[in-house]
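J.: The structure that follows is given in the form of structure tokens.
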Amino acid sequence: MNGTEGDMFYVPMSNATGIVRSPYDYPQYYLVAPWAYACLAAYMFFLIITGFPVNFLTLYVTIEHKKLRTPLNYILLNLAISDLFMVFGGFTTTMYTSLHGYFVFGRVGCNPEGFFATLGGEMGLWSLVVLAFERWMVVCKPVSNFRFGENHAIMGVVFTWFMACTCAVPPLVGWSRYIPEGMQCSCGVDYYTRPQAYNNESFVIYMFIVHFIIPLIVIFFCYGRLVCTVKEAAAQHEESETTQRAEREVTRMVVIMVIGFLICWIPYASVAWYIFTHQGSEFGPVFMTLPAFFAKTAAVYNPCIYICMNKQFRHCMITTLCCGKNPFEEEEGASTTASKTEASSVSSSSVSPA
């Protein structure tokens, strides 16, 4: 084996030289240089100072402006809450442990850190699935006369919490476990070992199928159908200027949504699956650290994609930040009017983002 397995940890380095130490008790500077941990801490600090304001502002603006309290925005707020879970439950802890070069909170602290990071990520992922499903139902109309209401939104929020818990809770109760990963200063699901007492193998397979493959299929299907529907609507209206604009806006939004999902999850999932299916293979600590920490950027670009591209929300946000006035009032007003015209042209009030 090219790694060292200990009590509730796996260090990706052979202990043939005897230098490997528990990541709960000793700095792991034999894995990578101290400056690498400092860079990791700086990166987490950047995510904190950007992720917290933009997600908190999302919550505040929605509460401040009554017109934003729509059923669909319940899901967007849930997305912001999930990102805040990642910021407070994962990013702050990881920044602190990175400054010390090891997981200073010990085995007791590894469980809550891994839990909150996993819960926040899964809440965000399943919120995207609910958004994709809502867009498909409203725009493509597979069920005639369907209107996305408050009850549907509440059901969607409850669904995201339920699915997130079905992934984050099992490692706390004995189905798999949370252990330090990569550079040993953050905790995640154990892809590295297969102790019979924890049934890691069955949990990882379950997680990849239910919490990665299925969401990916749903998102691709829903947004694929949405783009096709908008194209068909544009053709039926003889491709008027407003319809073409609507098609471009929706297509751009969908492409960014899908790319964001892929960029966030595929590198991490691919590396985790490789490690899981190549037990004992040689890989360095950075091999898992880079995709794992890159996936955390979802807490920053999620609100940018799903909220900042929403004209109405952007207008309210600028108004809030500028003490009740929007210096871009004319531009925003024209955009809002155009958006309404475009929505009418494609026979759906929900074609433009949210």
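Note that Cβ sites are derived from N, Cα and C of the backbone, with glycine treated the same way.
When I checked Swiss-Prot for this same protein, it listed these features:
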type     : residues      : note
TOPO_DOM : 1-36          : topological domain 'Extracellular'
CARBOHYD : Asn2          : N-linked glycosylation site
CARBOHYD : Asn15         : N-linked glycosylation site
TRANSMEM : 37-61         : transmembrane segment
TOPO_DOM : 62-73         : topological domain 'Cytoplasmic'
TRANSMEM : 74-96         : transmembrane segment
TOPO_DOM : 97-110        : topological domain 'Extracellular'
DISULFID : Cys110-Cys187 : disulfide bond
TRANSMEM : 111-133       : transmembrane segment
TOPO_DOM : 134-152       : topological domain 'Cytoplasmic'
TRANSMEM : 153-173       : transmembrane segment
TOPO_DOM : 174-202       : topological domain 'Extracellular'
TRANSMEM : 203-224       : transmembrane segment
TOPO_DOM : 225-252       : topological domain 'Cytoplasmic'
TRANSMEM : 253-274       : transmembrane segment
TOPO_DOM : 275-286       : topological domain 'Extracellular'
TRANSMEM : 287-308       : transmembrane segment
MOD_RES  : Lys296        : N6-(retinylidene)lysine
TOPO_DOM : 309-354       : topological domain 'Cytoplasmic'
LIPID    : Cys322        : S-palmitoyl cysteine
LIPID    : Cys323        : S-palmitoyl cysteine
J.: Taking a Cβ cut-off under 8 Å, which residues six or more beyond the ends of the topological domain 'Cytoplasmic' (62-73) line up next to it in the same chain?
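T.: Result: 131, 134, 148-150, 152-153, 312-313, 316, 319-320, 350, 354.
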J.: So, does the transmembrane segment (253-274) come close enough to the transmembrane segment (153-173) to give 3+ Cβ pairs below 8 Å, pairs being at least 6 apart in sequence?
T.: no
J.: When each of 37-61, 111-133, 203-224, 253-274, 287-308 is checked against the transmembrane segment (74-96) for Cβ pairs under 8 Å, which one has the most?
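T.: Stretch with maximum Cβ contacts: 111-133.
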J.: Just to be sure I understand the packing, how many Cβ atoms besides its own are within 10 Å of the Cβ of Cys322 (S-palmitoyl cysteine)?
T.: 12
J.: How about the transmembrane segment (37-61) with the transmembrane segment (203-224) - do they touch, taking at least 3 C-beta pairs under 8 Å (6 or more apart in sequence) as contact?
T.: no
J.: In the structure shown, which of the recorded positions Cys110, Cys187, Cys323 has the fewest other Cβ atoms within 10 Å?
T.: Cys323
J.: Taking DSSP as the reference, which of helix, strand or coil describes Cys187 (disulfide bond)?
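T.: Reduced to three states, the DSSP call for Cys187 (disulfide bond) is strand.
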J.: Where does the mean pLDDT land for the topological domain 'Cytoplasmic' (309-354)?
T.: 59
J.: Using C-alpha atoms only, work out the spacing between Cys187 (disulfide bond) and the residue listed as 'N6-(retinylidene)lysine' and round it to an integer in Å.
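T.: Distance between the two Cα atoms comes out at 13 Å.
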J.: Compare the Cα of Lys296 (N6-(retinylidene)lysine) against each of the recorded positions Cys110, Cys322, Cys323 and report the nearest.
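T.: So, of the listed recorded positions, the one sitting closest to Lys296 (N6-(retinylidene)lysine) is Cys110.
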J.: Hey, which of 203-224, 253-274, 287-308 has the most Cβ-Cβ pairs under 8 Å against the transmembrane segment (111-133)?
T.: 203-224
J.: Give the residue counts of the topological domain 'Extracellular' (275-286) per reduced DSSP state, in the order helix, strand, coil.
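T.: Taking each residue of the topological domain 'Extracellular' (275-286) in turn, the totals are 5 helix, 0 strand, 7 coil.
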J.: For Cys322 (S-palmitoyl cysteine), which of the recorded positions Asn2, Asn15, Cys110 has the nearest Cα in space?
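T.: Sorting the recorded positions by distance from Cys322 (S-palmitoyl cysteine), the top entry is Cys110.
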J.: Would you list, in sequence order, the recorded positions among Asn15, Cys110, Cys323 whose CA lies within 10 Å of the CA of Asn2 (N-linked glycosylation site)?
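T.: Within 10 Å of Asn2 (N-linked glycosylation site): Asn15.
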J.: In whole Å, how far does the CA atom of Cys323 (S-palmitoyl cysteine) lie from that of Cys110 (disulfide bond)?
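T.: About 42 Å separates the two Cα atoms.
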